[in-house]
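A.B. asks: One structure follows; several queries about it will come next.
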């Protein structure tokens with residue numbers, strides 16, 4: 001995979017950017033997290049990077065696939081069943097009472113994979129958790145807590161509506177603001193912070209930079225949009241979990257490639273200025289593994305739903321990955337299915353309010369196909385195919401930009 005040559009063993013890679021100073025070392029040390037330079041100084045990362053990524057995915061998959069049936073039994077015993085929207089497809093009424101809040105298992109799996117792989121990585125002196133990885137996981141966890149509160153209200157009041165729209169937006173925006181503020185702190189050895197105030201496609205677009213307030217507003221937009229997009233997509237058995245595993249798999253490839261061609265390893269054409277690409281690959285792998293483990297129980301006919309606990313958290317994870325890997329615009333392609341789902345809802349509202357007719361028989365548009373007599377499993381599998389195609393196109397665009405930059 002490597003294109004960019006590594007510096008000789010023992011080289012002082014912290015000086016790859018002339019005029020920079022490792023000003024972030026004290027801050028990062030205070031956090032107890034390691035910057036990318038920690039990995040670079042070892043001079044020995046070859047197969048270990050893949051080993052840690054595979055460990056992360058494997059641990060997350062194992063934890064999720066074993067914890068989910070435990071939650072199914074506990075939630076079923078306590079009557080924590082999903083309420084179904086009255087105006088939804090009639091066939092969905094049979095799903096009433098299916099245990100929900102399975103996103104707790106996904107979250108546990110992701111954290112277990114991330115932390116477990118780092119603990120085992122101590123055996124070969126792998127770097128510890130990075131600022132970027134921890135911030136992305138904290139953002140996802142905060143949004144998962146918003147979803148958990150929403151799910152809890154639904155269960156307690158036995159209805160399909162939990163938090164008010166204002167309450168949900170307040171929670172999402174609050175998490176996004178904290179993330180935005182922290183993501184511009186904790187510079188690494190070469191001065192890179194987890195996020196940049198530039199708009200990004202495959203890397204930062206230097207001609208488009210945001211001021212502080214605009215940057216925070218932009219991060220809020222991304223977080224709210226992605227978390228709601230995944231939330232809306234989670235309307236059929238396994239649709240969100242399966243599609244998300246494909247998107248996250250693409251992010252494993254992207255962030256690993258960024259690590260192998262990091263400007264900190266060897267500045268040159270096509271190199272990437274991303275603070276912690278390897279740790280972002282570990283996060284992506286853990287999340288992908290957790291989604292696959294959950295899908296085992298969530299596939300049609302679902303034994304459990306992820307609920308807003310899972311969908312809001314996963315949406316926040318994608319938003320965080322796109323920001324910290326400098327792929328904010330590319331993420332729209334990688335997650336095109338989720339984008340299409342939320343756009344179908346927005347278009348339905350706009351068209352109905354302006355023409356008093358419906359563009360789709362029901363939105364989000366996966367229900368449109370159900371009402372056109374597509375079996376639910378056919379809709380799910382075909383949408384998975386579309387999600388896979390979107391991820392493949394995104395990877396092609398990513399690699400094409402790299403080749404062009406050489």
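Every residue gets a Cβ built from N, Cα and C, even glycine.
Here the structure is a predicted model, which means the values were calculated and not measured.
Straight from TrEMBL, here's the annotation block:
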- 53-76: transmembrane segment (TRANSMEM)
- 103-124: transmembrane segment (TRANSMEM)
- 130-149: transmembrane segment (TRANSMEM)
- 169-188: transmembrane segment (TRANSMEM)
- 208-226: transmembrane segment (TRANSMEM)
- 231, 308: Mg(2+) binding site (BINDING)
- 238-258: transmembrane segment (TRANSMEM)
- 278-297: transmembrane segment (TRANSMEM)
- 304-323: transmembrane segment (TRANSMEM)
- 329-352: transmembrane segment (TRANSMEM)
- 379-400: transmembrane segment (TRANSMEM)
A.B. asks: Below 8 Å between Cβ atoms, which of the listed ranges 103-124, 130-149, 238-258, 278-297 makes the most pairs with the transmembrane segment (304-323)?
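C.D. replies: Maximum Cβ contact count belongs to 130-149.
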A.B. asks: Are the transmembrane segment (238-258) and the transmembrane segment (278-297) close enough that 3 or more Cβ pairs fall under 8 Å, when only pairs 6 or more apart in sequence count?
C.D. replies: yes
A.B. asks: Report, as numbers and ranges, every residue of the chain located at least six residues beyond the transmembrane segment (238-258) whose Cβ falls under 8 Å of a Cβ in that stretch; write 'none' if there are none.
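C.D. replies: Tertiary neighbours of the transmembrane segment (238-258) are 1, 49, 53, 57, 106, 230, 272, 274, 277-278, 280-281, 284-285, 287-288, 291-292, 294-295, 298-300, 302, 306, 310-311, 314, 317-318, 321, 325, 327, 330, 334-335, 337-338, 366, 379-380, 383-384, 387-388, 390-392, 394-395, 398-399, 402.
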A.B. asks: Measure the Cβ-based neighbour count of residue 231 (Mg(2+) binding site), defined as the other Cβ atoms within 10 Å of its Cβ.
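C.D. replies: Around residue 231 (Mg(2+) binding site), other Cβ atoms within 10 Å: 27.
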A.B. asks: Looking only at Cβ atoms, how many others are within 10 Å of the one on residue 308 (Mg(2+) binding site)?
C.D. replies: 30
A.B. asks: Grab the same-chain neighbours of the transmembrane segment (130-149) for me: Cβ-Cβ under 8 Å, and only residues 6 or more beyond its ends, written as numbers and ranges.
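C.D. replies: Residues 28, 31, 33-36, 101, 103-104, 107, 110-111, 114, 162-163, 168, 171-172, 174-176, 178-179, 182-183, 186, 188, 194, 223, 227, 231, 275-276, 278-280, 282-283, 287, 307-317, 319-321, 324 contact the transmembrane segment (130-149) from elsewhere in the chain.
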A.B. asks: Determine, from DSSP, whether residue 308 (Mg(2+) binding site) sits in helix, strand or coil.
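C.D. replies: Reduced to three states, the DSSP call for residue 308 (Mg(2+) binding site) is helix.
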A.B. asks: According to DSSP, collapsed to three classes, what secondary structure does residue 231 (Mg(2+) binding site) have?
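C.D. replies: DSSP call for residue 231 (Mg(2+) binding site): helix.
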